[in-house]
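Student: Quick one: the structure is below, and I'll ask about it shortly.
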Amino acid sequence: TKSTTTACCDFCPCTRSIPPQCQCTDVREKCHSACKSCLCTRSFPPQCRCYDITDFCYPSCS
């Protein structure tokens, strides 16, 4: 598994529009470094998800 310093995503659904709208739906202890809109739960360990919408998917983390 890659670290969160490298932007990566295992689950990234995209719309069929042109350009596509993609969103990483991975839930991790923190968001990857390229994430601009990261929301985390207050649980321990935290569960974080990046809510950015891009026109591409990052490489797989695993």
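The backbone N, Cα and C atoms fix where each Cβ goes, glycine too.
Model, not experiment: these values are computed from the prediction.
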Student: From the list Cys31, Cys35, Cys48, which cysteine is recorded by Swiss-Prot as disulfide-linked to Cys40?
Tutor: Cys48
Student: Hey, which of the disulfide-bonded residues Cys8, Cys12, Cys38 is the loneliest by Cβ count within 10 Å?
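Tutor: Least crowded of the disulfide-bonded residues Cys8, Cys12, Cys38, by Cβ count within 10 Å, is Cys38.
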Student: I need the nearest neighbour of Cys48 (disulfide bond) among the disulfide-bonded residues Cys12, Cys14, Cys22, Cys35, Cys61, using C-alpha distances.
Tutor: Cys35
Student: Compared by Cα position, which of the disulfide-bonded residues Cys9, Cys22, Cys50 is the closest one to Cys31 (disulfide bond)?
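Tutor: Of all the candidates listed, Cys50 is nearest in space.
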Student: Hey, how far is Cys40 (disulfide bond) from Cys50 (disulfide bond), Cα to Cα, in Å?
Tutor: 9
Student: Could you state the CA-to-CA distance between Cys12 (disulfide bond) and Cys35 (disulfide bond) to the nearest Å?
Tutor: 14
